[in-house]
Amino acid sequence: MTSSQSPEYSRFTTGNFSLNEMVTTGNFVIYIVELFFCFIAFPLNIFFIIIIANTTTLHRNLRILLISTCVADAIYAISRYMILIPLLVAYLFNTEISSVTYCWLAKSLHHWVLGASGVTFFVVVMERSLASFLYRSYESESCYQSGFILTGFQWSYGFFIVAINQLDLMGTPQIYPRLPCQIEYSTARAIFVAVVAGAVMNITAVLTFRKVVSFNRTLFRQRSFKLTSLTEIYQISENVKSISLLIPIIVVMIVSNIFSTFTISINVYVYAAVRETPVEQRSAIATHISGRGNEISQVYDLCAIVTKLAFCWGIRAHPDLYKKWCYMFGKVKISPKKGISDTNTTTNLTGLDGKKLTFTVIEETQHHFDSLAQVWK
């Protein structure tokens, strides 16, 4: 690749602009907002990893997928810092601290984890569909290989997108008219493949999600109070709770896709507007439409980092995970009294509100589904 110190690179990079002028004020403001979200997303995903790793209320396959996604989201925040800090330094101090090779590696890492986390909804829905349709045996049988298979697919997909881009990038001119970390190292064909593949998987996931919700609702309404299999009861319970965990994620995904589609539409419009014009006029026309710093395209970056907070928002929808979240920060204090008299047998235990704490099998099942009813509301 062309060195950022070569005269050719400097001539095409700076042009009539100084280094700090290459980053517009609009770029700078959006970068600050994005870094703020990254600053929040990174520790929250780390906390979420700790919570999931220490919970026993989720099936191992679901825990594997959620931890994998949180790792990708945390790395995504790091990759954005790697890309944006050199641009902020250029704006504030008129100094270039990066190189083409550094920014190429940073953006390759960024695209890899973005691709991996982009199929999160798909792999989680696939795992939950297996858990729902195989609820009689999913918990009792060793079905753990599906979690590793889906996780492998998740990361392989992201790497596949990067590999396609690098193959398509070979042979293209290595003259860059912008700062190294402002350059988009992705080709149009690679972006097209990623968009189409992501759209197909998301549509499939949404349709499957609707089927899973319908199936679990039917199962809930046709429940039998003579059910005695604890594994079956547990799996039905976890299916209901995990569905509520997915709802915030799909809401954020839909909103993000709307804004992302808007951004892509602007880029398509720019391309259509300049393709019939002389080469020397294309830059001026594109700048007039999307801004000198291409600020409109940064809407996608903001949408991407907001989706990294989706799982953290999802904690609130999952009763057990939210309880652990509160316990981690001291909002829930459990101080059981020890030394209870032996005369208080387990069959007579009552809570402070006077309600029974122990039940027969039928009473336990009724109490269990009463709790589930609160989740469905």
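From the backbone N, Cα and C atoms, a Cβ is placed for every residue, glycine too.
Fair warning: this is a prediction, and the values are worked out from it, not measured in the lab.
Here the candidates are Asn16, Asn344, Asn348, and Swiss-Prot annotates Asn16 as N-linked glycosylation site. Both Val23 and Ala273 belong to one identically named topological domain in Swiss-Prot, hence to the same side of the membrane. The DSSP breakdown of the topological domain 'Extracellular' (95-104), given as helix, strand and coil counts, is 5 helix, 0 strand, 5 coil. Pairs of Cβ atoms less than 8 Å apart link the transmembrane segment (189-209) most often to 105-125, out of 32-52, 74-94, 105-125, 147-167.
Most Cβ pairs under 8 Å with the transmembrane segment (74-94) belong to 32-52, among the candidate stretches 32-52, 105-125, 147-167.
For the topological domain 'Cytoplasmic' (53-73), the residues of the chain that approach it from at least six positions outside its boundaries are 41, 45-46, 113, 116-117, 120, 123-124, 127-128, 130-131, 138-139, 143-144, 146-148, 150-151, 154-155, 158, 235, 238, 241-242, 308, 311, 320-321, 324, judged by C-beta separation under 8 angstroms.
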